[in-house]
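Single-structure report; data block below.
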Amino acid sequence: MSGLGIRNQKDFYSGLLFILFGVAFMWIARDYNFGTARRMGPAFFPVILSGILIAIGIAIAVRGVTVAEEPMRGFTLKGLVLVIIGTLLFGFLVRSAGVPIATAALVAVSAYASQRFNWKPTLVLAIGMAVFCTVVFIYALGLPMPVRGPWLGG
Amino acid sequence: MELFANLYTGFEVALTPLNLLYCLGGVFVGTLIGVLPGLGPTATIAMLLPVTFGLPPVSALIMLAGIYYGAQYGGSTTAILINLPGESSSVVTALDGYQMARQGRAGLALSTAALGSFFAGTVATFLLALFAPPLAEIALKFGPAEYFSLMVMGLVASVVLAHGSLIKAIAMILLGLLLGLVGTDVTSGTPRFTFDVPELADGINFVIVAMGMFGLGEIIRNLENEETRDVFSRKITGLLPTWQDIKSITAPVLRGTALGSALGILPGGGAMLSSFAAYSLEKKISKNSKNFGKGAIEGVAAPESANNAGAQTSFIPMLTLGIPSNPVMALMIGAMIIQGIQPGPQVMTEQPALFWGIIVSMWVGNFFLVVLNLPMIGLWVRMLTVPYHLLYPAILVFCGIGVFSLNNSTFDVYLMALFGILGYVLSKLDCEPAPLLLGFILGPMMEEYLRRAMVLSRGDPMVFVERPISATMLALAVIGLIVVLLPSIRKKREEAFTEEG
């Protein structure tokens with residue numbers, strides 16, 4: 001990356017990210033009514049904010065090419081992917097299959113992200129959490145969540 | 001005395017068996033989860049929010065406040081025993097507390113933290129009871145211009161006082177403000193940034209953002225470098241301080257309490273800043289400053305008192321103005337809104353039982369922390385031995401269930417995953433999530449007050465500087481920004497925060 005003259009990756013990329021967000025918000029807000037200072041439309045505040053965000057993003061990115069600092073450490077792709085997939089799976093299963101299944105699935109998938117993954121304790125944890133959450137949240141606290149979803153004939 | 005009448009009202013509410021139970025439960029569960037490394041007060045409260053949905057408003061808020069103190073207390077325990085501060089405000093406690101533990105004085109460090117916190121909590125509760133009513137009265141006179149300027153000041157203060165890069169913190173606030181605007185525009189009814197998704201019409205729930213960024217984001221970050229923790233297995237003895245110990249901690253506790261109470265009221269201040277400021281003050285004025293960092297008892301007593309006092313007084317802006325000074329208070333506001341209470345100065349006059357009940361229960365909660373937790377220290381130490389690879393899947397489950405139960409919506413769970421990614425990426429880029437959360441909760445309020453002020457002034461922005469209170473607050477914000485940008489102070493600030501980290 002140093003070939004591009006980026007001396008501080010963290011600053012450069014965060015600046016870029018902020019610019020991206022600023023542009024996106026401004027782009028979407030272009031369809032809304034801007035209004036006047038007296039009667040501000042729905043676009044007024046967001047457009048001003050994104051304008052400032054873009055300006056600051058540029059400043060941070062510029063600092064990233066001028067001020068050197070330690071390079072960024074690698075991303076943990078495995079952790080990121082498994083935690084996110086586990087969470088999405090939980091969301092997908094919680095209504096269709098019910099809380100116990102969704103809970104066990106989230107535990108099983110996310111636990112695999114650890115270097116110390118071992119299927120035996122994970123299995124115990126998955127079953128334990130499924131029972132615990134069902135008992136505490138559904139039976140004790142009465143939260144309206146399905147124990148058995150339609151998939152299981154609930 | 002009106003103060004005593006008010007406190008009496010509070011005690012009547014706080015001492016009902018049911019509320020005592022919820023307070024106790026909150027303190028207990030808060031400590032339990034706070035002791036688990038990697039979970040600070042914000043994540044703990046966000047996770048446990050659903051537990052309080054079914055309770056009456058007073059009990060729910062009492063329990064949440066208890067969870068807050070409990071989690072903070074738990075953070076100090078881990079800081080002392082395994083040199084792993086559970087949250088930012090116990091970072092400095094780890095410096096001397098852990099050294100004391102290594103010298104076999106863990107019991108003394110823990111009891112010092114507990115007693116200092118209790119004393120500070122007691123004083124801060126009184127301050128809260130004393131100053132909240134007059135402040136709420138002033139707040140009732142606030143117009144939209146004052147509210148807007150106050151929020152600007154609060155946001156500026158939060159970046160000035162926070163650690164890390166100033167400019168990135170400002171960018172995070174702006175991003176938070178923008179994300180807060182997602183949803184239907186109240187004035188015109190236009191759906192904004194909703195991508196025609198019906199679930200976004202009411203905006204993004206704050207809890208989703210908090211859990212995504214503080215819960216999921218943090219877990220992914222921790223998975224990056226799983227280390228074996230140095231678990232403290234020795235038996236803890238010597239909990240009772242000697243007369244000599246009490247004498248040596250009295251002054252630091254008093255100073256910490258005073259400093260913490262003052263800094264806690266500041267927007268963006270709260271526990272973290274208080275503990276840090278108290279530590280550096282103690283180090284400066286102490287006769288044996290060379291002992292600091294090597295197990296000085298003052299280095300535990302002062303910051304622990306300060307962060308508890310700060311935690312307590314940070315409720316003042318929340319309760320009197322309806323404005324959160326840190327993410328935890330933002331969550332409390334979220335909880336109030338879920339319970340159907342509109343936070344603001346009118347809460348005190350319209351719901352005195354609720355208002356005073358919460359304040360008094362804070363003191364009760366602090367009391368529980370001392371009498372329950374010191375004897376149960378063995379249990380907390382056992383909690384520390386739970387390995388992280390079995391812990392984080394369980395945390396994820398709580399986050400999932402918590403977010404799902406907000407609206408029984410699977411969409412919210414997916415959205416949390418999205419914020420988890422965003423939180424992880426931003427933290428990799430050294431962007432602190434706290435300012436984003438503060439901006440997120442303040443965004444819609446700021447816009448509304450800005451619009452109202454401008455309508456009243458017929459579009460003349462001078463309204464913000466013509467009104468004296470508003471002008472003062474804006475001036476303070478500008479001064480704050482200039483001061484941190486001055487090269488000499490900037491260098492000092494960086495030094496200070498490096499020392500802390």
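Cβ atoms are placed via backbone N, Cα and C, with glycine included.
What TrEMBL annotates here:
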| type | residues | note |
| --- | --- | --- |
| TRANSMEM | B:20-39 | transmembrane segment |
| DOMAIN | B:20-438 | domain 'DUF112' |
| TRANSMEM | B:45-69 | transmembrane segment |
| TRANSMEM | B:108-132 | transmembrane segment |
| TRANSMEM | B:152-182 | transmembrane segment |
| TRANSMEM | B:203-220 | transmembrane segment |
| TRANSMEM | B:321-341 | transmembrane segment |
| TRANSMEM | B:353-374 | transmembrane segment |
| TRANSMEM | B:386-405 | transmembrane segment |
| TRANSMEM | B:470-489 | transmembrane segment |
Result, the transmembrane segment (B:470-489) in contact with the transmembrane segment (B:45-69) (3+ CB pairs under 8 Å): no
Close approaches to the transmembrane segment (B:321-341) from elsewhere in its chain (Cβ under 8 angstroms; 6 or more beyond its ends): 41-42, 45-46, 49, 52-53, 57, 60-61, 64-65, 68, 135-136, 139, 142, 147, 150-151, 154, 158, 205-207, 210, 214, 264-271, 314-315, 347, 351, 354, 434, 437-438, 440-442, 445
Any contact, the transmembrane segment (B:152-182) to the transmembrane segment (B:470-489), with at least 3 Cβ pairs under 8 A: yes
Top partner of the transmembrane segment (B:353-374) among B:20-39, B:108-132, B:203-220 - counted as Cβ pairs under 8 Å: B:108-132
Chain residues outside the transmembrane segment (B:470-489) and at least six past its termini with a C-beta under 8 angstroms from it: 145-146, 148-150, 152-153, 156-157, 160, 166, 463-464
Beyond the flanks of the transmembrane segment (B:386-405) by at least 6 residues, Cβ under 8 Å: 36-39, 43, 46-50, 53, 205, 207-208, 211, 215-216, 219, 222-223, 226, 229, 412-413, 416
